[in-house]
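J.: Mind looking over this structure? Questions follow.
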Amino acid sequence: MSSPTTPVPVISWTADEAIKFLKEWNFSLGIIVLFITIILQFGYTSRSMFVYVVKMVILWFMWPLTIILTIFNCVYALNNVYLGFSIVFTIVAIIMWVVYFVNSIRLFIRTGSWWSFNPETNNLMCIDMKGRMYVRPIIEDYHTLTATIIRGHLYIQGIKLGTGYSLSDLPAYVTVAKVTHLCTYKRGFLDRIGDTSGFAVYVKSKVGNYRLPSTHKGSGMDTALLRNNI
């Protein structure tokens, strides 16, 4: 004779319990929300690279956290309707997570930079300064890029890259790497402001399916020698 089935307990909150929880955790939740808000508000490469990296870490952990929560909802679904939606959300989250990794790996093959795994954008700006390749993420697909030298400090699109440079060190070409292609920007204008400052404007001139040169030797002109089709 089979034993009687034990009913599954239903967990529910009363209004008083919810208010008590908020009172007990209100301070901690407020600090966490404030921290995330500050990171999202001021996390830009042109403001603070450290804050931007923290922002990227938070965004990076959002997808696995979302997948965990959707799987939890599937296991502990309240009814069949919730179960159906939870399964759909889980599949969508996993597919988007896999697509992110595939695109990031393809971009890494093209550039060789760990910025390829940036969850915010798939646009990586690449500039060769005296044999050193700088790679930084940019949010938008710009038609022009501006490189600025201020008393030896190099900025491009407002992002500080390095020091000890002059206008003569600026390359003839700058590239922006994407998942499917590489955009080449040609220097169209250069103006000197004082003895140690000035700026150059680069205009998008060519788009192709290339990767960055594997060697960083030589001048910035080497960036134009796009090879190794992928």
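Glycine too: its Cβ is placed from the backbone N, Cα and C atoms.
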J.: Could you confirm whether, in Swiss-Prot, the topological domain containing THR180 has the same name as the one containing PHE21, so that both are on the same side of the membrane?
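T.: Each on a different face of the membrane, per the record.
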J.: Tell me the residue counts in helix, strand and coil for the topological domain 'Virion surface' (77-84), as DSSP assigns them.
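T.: Across the topological domain 'Virion surface' (77-84), the residues distribute as 5 helix, 0 strand, 3 coil.
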J.: Using Cβ atoms and a strict cutoff of less than 8 Å, what residues sit near the topological domain 'Intravirion' (46-55) while being 6 or more residues removed from its termini?
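T.: Counting only partners 6 or more residues beyond its ends, the topological domain 'Intravirion' (46-55) has Cβ contacts under 8 Å with 39-40, 120, 157-159.
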J.: When the pLDDT values for the topological domain 'Intravirion' (46-55) are averaged, what is the result?
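T.: Residues in the topological domain 'Intravirion' (46-55) carry a mean pLDDT of 79 in this prediction.
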J.: Mind tallying the topological domain 'Intravirion' (106-228) by DSSP state, helix then strand then coil?
T.: 18 helix, 59 strand, 46 coil
